[in-house]
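Read through the structure below, which is laid out as structure tokens, and then see the notes.
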Amino acid sequence: MLCATVSGPSFCEAKQQILKSLHLVDIIELRLDLINELDDQELHTLITTAQNPILTFRQHKEMSTALWIQKLYSLAKLEPKWMDIDVSLPKTALQTIRKSHPKIKLILSYHTDKNEDLDAIYNEMLATPAEIYKIVLSPENSSEALNYIKKARLLPKPSTVLCMGTHGLPSRVLSPLISNAMNYAAGISAPQVAPGQPKLEELLSYNYSKLSEKSHIYGLIGDPVDRSISHLSHNFLLSKLSLNATYIKFPVTIGEVVTFFSAIRDLPFSGLSVTMPLKTAIFDHVDALDASAQLCESINTLVFRNQKILGYNTDGEGVAKLLKQKNISVNNKHIAIVGAGGAAKAIAATLAMQGANLHIFNRTLSSAAALATCCKGKAYPLGSLENFKTIDIIINCLPPEVTFPWRFPPIVMDINTKPHPSPYLERAQKHGSLIIHGYEMFIEQALLQFALWFPDFLTPESCDSFRNYVKNFMAKV
């Protein structure tokens with residue numbers, strides 16, 4: 001069941017949160033410990049409006065256990081259908097509630113801000129009878145979150161395993177895959193009641209209504225991933241295609257690569273987008289490389305097929321496709337590539353095959369030289385770009401925070417989606433350059449990824465819808 005958490009804090013706010021959320025969820029949770037003191041009539045109104053909600057009252061730090069118990073006793077006398085009670089409540093008090101009010105369904109909850117042993121917690125909780133056992137954990141990285149999800153799928157039902165904090169979102173989105181008895185999101189206009197708890201509208205945007213125990217997982221890995229809009233755009237397309245799948249951003253550092261790939265092997269991943277700094281760091285975890293990835297020695301797309309992980313790169317072809325759409329030929333053109341990372345490698349390799357004369361500018365000259373050798377180009381220190389004479393097209397592949405000498409040839413492209421518009425492109429446009437935004441490349445390389453992931457479902461109409469969604473979204477940024 002999907003549950004909207006309502007926490008006011010005022011009576012009027014709580015009532016509005018219920019009314020706005022009720023039609024989107026299966027049940028409402030009233031966090032009465034967070035709602036301002038209610039009189040009997042107000043409490044009755046909220047319970048009636050919420051239609052058999054879960055009543056929850058957590059113990060405040062300054063509240064004595066005796067007062068907490070009395071509060072729970074008074075709520076139990078209302079004979080709610082559900083009560084959520086923390087496992088720290090003295091057993092005698094819990095037994096009193098169960099004996100006096102046998103019709104109340106109990107959710108026994110355990111919350112921790114640490115990384116703990118899920119199986120041990122669950123087995124200990126089984127000693128206390130309950131209708132649902134809810135365990136909320138705090139993973140320290142994406143791998144730990146995925147390992148919790150794997151273990152949660154094996155627990156006897158009904159149970160609920162969720163994660164808090166920066167890395168907790170996958171457990172919320174994948175709750176149907178886990179077969180959680182209950183999943184929680186902050187109700188419409190309601191504050192979040194736990195670190196990392198998603199808002200209801202955010203959770204639903206992950207194609208949540210289509211998800212089940214048989215869902216496929218797609219996502220983005222890298223560090224950072226917060227600049228990407230892919231969780232919005234890609235889930236829009238998945239929803240439009242009515243696929244039983246979702247797309248989630250997973251922050252993964254280079255040091256976490258080994259544990260991450262160990263975790264995903266036993267989960268229904270079907271595809272991953274790869275961003276920096278992992279494009280060249282994951283080769284040992286791929287079973288086979290497509291020519292597109294071999295050519296540039298960089299991976300931006302993983303396809304999971306027949307128990308194998310296949311590596312591709314759509315960055316270069318995405319740029320080539322975009323330039324062709326704009327009737328821009330690169331044959332015999334002098335193109336400055338700024339940067340020598342994974343995306344720069346893919347773009348340079350593809351444009352070299354189309355006859356471009358490539359000039360690689362980078363902070364580390366050895367990296368520029370290595371790339372120049374691969375694409376039969378020339379390498380230069382980043383600072384020398386300022387006085388370089390012959391440029392027809394410049395493509396910036398450096399992160400937004402890295403400064404470099406701005407040049408304004410006839411065509412200027414910045415592959416960064418954010419910030420939008422980039423200060424560099426704004427200045428280039430004022431100088432009369434034709435500018436190409438990062439989101440335009442993002443669109444084309446993403447569509448090539450989709451063609452690898454689910455070719456049987458992609459249509460020209462859905463591709464156009466995706467393009468329009470991204471363009472309209474970026475216009476509002």
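Each Cβ is built from the backbone N, Cα and C atoms, and glycine gets one as well.
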Do you know which of Q192, Q354, Q429, Q445 Swiss-Prot groups with S228, I229, S230, N300, D315 in the shikimate site?
Q445
What residues, ordered by sequence, lie under 8 A Cβ-to-Cβ from R363 (NADP(+) binding site) and sit at least six positions away in the same chain?
P381, L382, V402
Candidates S21, H111, D315, G339, A343, Q445, namely the recorded positions, that fall within 10 Å of K279 (active site, proton acceptor) by Cα distance:
A343
Segment confidence, the region '3-dehydroquinate dehydratase' (1-209), expressed as mean pLDDT
97
Please report how many Å separate the Cα atom of G438 (NADP(+) binding site) from that of Q445 (shikimate binding site), as a whole number.
11
For T56 (3-dehydroquinate binding site), the spatially nearest of the recorded positions H111, S228, S230, N300, using Cα atoms, is H111
When a 10 Å sphere is centred on the Cβ of K279 (active site, proton acceptor), how many other Cβ atoms does it contain?
26
Taking the Cβ of A343 (NADP(+) binding site) as centre, how many other Cβ atoms lie within 10 Å?
28
